[in-house]
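Novice: The ATP binding site annotation in Swiss-Prot covers G13, M14, S15, G16, A17, G18, K19, T20. Taken from Swiss-Prot, the feature GTP binding site covers D63, M64, R65, S66, and the record attributes it to sequence analysis.
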Amino acid sequence: MSDKQINLVIVTGMSGAGKTVAIQSFEDLGYFTVDNMPPALVPKFLELLERTNETQKVALVVDMRSRRFFKEINSILDHIELNANLKLRILFLDATDSELVSRYKETRRSHPLAADGRVLDGIRRERELLVPLKSMSQHVVNTTDLTPRQLRKVISDQFSSESDQASFRIEVMSFGFKYGLPLDADLVFDVRFLPNPYYQVALREQTGLDQAVFDYVMTHQESEAFYNHLLGLIVPILPAYQKEGKSVLTIAIGCTGGQHRSVAFAHRLAQDLTADWPLHESHRDINRRKETVNRS
């Protein structure tokens, strides 16, 4: 059995208060997540996790969809408290009755405790039953006035640590406009205005990762000026993206074919950012022209 501590978060609370958004937020923070786990299965699940040697951060949604919820949850929590390898925190999500009714009307779903179809009656019944669990919770969040993004931010602030900062990472990529914009790009920059190495016969078959092409692109005055502006724009906004709870920021730099100018710029940007941020560099279309030639 592993002697590593498992950081366990049980996400619970009122139906409709935002547990789906919450569990997605924990996944973005690097937690192993399970939605709608029956309380009776929790001890066995945790035993299996303890046998592994991996770092454990686990978030489980346990709520009213589990039919025997109230009969089992107290004994399960007692079992967890007795395990020295488990650090338990309970996140309880709440909202006003009127807000929950509004959300149910919007989604046209039925409340799990509304046997007669009256949502408000189900909400009141659930709220009454959850009073003991709410009193045991270390974190109670009222989501009445929170957007999904704001809820993600609250969870990130309360449950991330310095070691979790790696959960925010940067993707720097190059691409060719002729092959289409990257669908997942957050920031797109166009460097097609720069001198094109393609028209230099000696450089045509090389890429922006080759020193000769890199030097050709970067030694032009307009290239250096634009790059300095680009870096000056990006560096100050990265902490703001992280603060907002974004898990991946994709910065895409494009030229015509994605082989020369954009590759050189993306590579330089990645080199300058990687010392301070978790980063992955990729070049979507760097071999696209060669593949096209080979097929023809």
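Positions of Cβ are set from backbone N, Cα and C atoms, glycine also.
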Novice: Quick check: which same-chain residues outside G13, M14, S15, G16, A17, G18, K19, T20 lie with their CB within 8 A of the centre of the ATP site CB atoms?
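Specialist: Counting only non-site residues, the set is A22, D63, L93, A95, L100, T143.
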Novice: According to DSSP, does M14 (ATP binding site) fall in a helix, a strand, or coil?
Specialist: coil
Novice: To the nearest Å, how far is the Cα of M14 (ATP binding site) from the Cα of D63 (GTP binding site)?
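Specialist: Here the two Cα atoms lie 8 Å apart.
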Novice: Given D63 (GTP binding site) and G13 (ATP binding site), what distance in Å do their CA atoms have, once rounded to a whole number?
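Specialist: Taking the Cα atoms only, D63 (GTP binding site) lies 7 Å from G13 (ATP binding site).
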Novice: By a simple count of other Cβ atoms within 10 Å, which of G13, G18, the binding-site residues in the record, is least packed?
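Specialist: Counting other Cβ atoms within 10 Å of each of the binding-site residues G13, G18 gives the minimum at G18.
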Novice: Determine the minimum-neighbour residue: among S15, T20, listed as binding-site residues, which Cβ has the fewest other Cβ atoms within 10 angstroms?
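Specialist: Taking S15, T20 as the binding-site residues, the minimal 10 Å Cβ count falls on T20.
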Novice: Do any residues at least six apart in sequence from G16 (ATP binding site), in the same chain, have a Cβ closer than 8 Å to its Cβ, and if so which, in order?
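Specialist: Listed in sequence order, they are A95, L100, R103, Y104, T107, H111, I123.
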